[in-house]
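Visitor: Once you've had a glance at the structure underneath, I'll fire off some questions.
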Amino acid sequence: MTGPTAEPPVTNSVDGNADVAVPVVVAIDGPAGSGKSSVSRAAARALGYAYLDTGASYRALAWNLLDTQVDPADPDAVIASLTDFDFAIGTDPEAYFVRVGSSDVTEAIREPRVTGAVSAVARIPEVRAWLTERFRSIMRDTEFDGIVAEGRDITTVVAPDAPVRILLTADEDARMARRSKELTGESAAAVGEALRTRDRADSRVVDFMNAAEGVTTVDSTHLDFDETVAAVVDVVHDQAARSNPTH
Ligand SMILES: Nc1ncnc2c1ncn2[C@@H]1O[C@H](COP(=O)(O)OP(=O)(O)O)[C@@H](O)[C@H]1O
Ligand SMILES: Nc1ccn([C@@H]2O[C@H](COP(=O)(O)OP(=O)(O)O)[C@@H](O)[C@H]2O)c(=O)n1
């Protein structure tokens, strides 16, 4: 469903053609459990935009390494595996999927064994550079008027020039409570510890706990899901209008 609030496409002058439309990029970063994936997808739906879950791509790579018995802690082996890493991700918020080769791994990439391996993979600079290129080409080539891309380094590295940049946060207790609600097979203590360990490892690579200059913070600690989506959509409307005042 396309919402009634879709932004008009931004126009850029490319080769003298002032009417070439470029997709509006909405960049969202934040720690685990802050609501990035679910809120970004719902916001994309409301805006009529595409949705890019960059964390799912890091997870797909980690899944593939486990599946092919490559050690995620061996950077050379991980880098070598990129040559044959054939993954696809759905960016229509109504038809989300993640595939590696012919396997649908949409659910499998959320398993704790994958979550436990992903930070080691994500700290390899060559992996980040390789995936960043993929993300940029997906954002550039989208057929939607805009794309909501979420992860850890979208506001700072992948799309630092995006017209809308948001840091989505929530305090640690709220994030742990949300995650343990999802993972019913595990104790709250185990979920909490895994989340803290992963955030610590990830934040050595990129800073997603503090808003970079020009990035708007949305703190969802005391907001319910719908209120958080509405807060994000409000920021998009404000900032997209400011960066494209003629519309
Ligand atoms: N503001 C909120 N209030 C309550 N639950 C939320 C809120 N935002 C997200 N959630 C829920 O918290 C869980 C974690 O959200 P998710 O989108 O997976 O976070 P992230 O992608 O940042 O790890 C999901 O079950 C989601 O529905
Ligand atoms: N832009 C991104 C997105 C994810 N990641 C890595 O990918 C992992 C999984 O990301 P995710 O967004 O699915 O994690 P959750 O916050 O949803 O649990 C993170 O723990 C990071 O190690 C990253 O390094 N950079």
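Cβ atoms here come from the backbone N, Cα and C positions, even for glycine.
Keep in mind the model is a prediction, meaning the values are calculated, not measured.
Feature table excerpt (TrEMBL):
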BINDING   G30, P31, A32, G33, S34, G35, K36, S37, S38  ATP binding site
DOMAIN    26-237  domain 'Cytidylate kinase'
Visitor: Using the recorded ATP site (G30, P31, A32, G33, S34, G35, K36, S37, S38) as reference, state which further residues of the same chain have their Cβ within 8 Å of the centre of those residues' Cβ atoms, listed in sequence order.
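Guide: Near the ATP site, the remaining chain residues are V39, E150, L168, A170, R175.
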Visitor: Are any of the binding-site residues G30, A32, S34, S38 near ligand 2, with a Cβ under 6 Å from it, and if so which?
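Guide: Checked binding-site residues vs ligand 2; flagged A32.
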Visitor: Look up A32 (ATP binding site) in the DSSP assignment and report helix, strand or coil.
Guide: coil
Visitor: Give the helix, strand or coil assignment DSSP yields for S38 (ATP binding site).
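Guide: Reduced to three states, the DSSP call for S38 (ATP binding site) is helix.
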Visitor: Taking every protein chain shown into account, which of the binding-site residues S34, S38 has the largest tally of Cβ atoms within 10 Å of its Cβ?
Guide: S34
Visitor: State the count of C-beta atoms found within 10 angstroms of the C-beta of G30 (ATP binding site), not counting that atom itself.
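Guide: Looking across every protein chain shown, the total is 28.
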Visitor: List the residues of the same chain that sit at least 6 positions away from A32 (ATP binding site) in sequence and have their Cβ under 8 Å from its Cβ, in sequence order, or write 'none'.
Guide: R175, R179, L195, R198, D199, D202
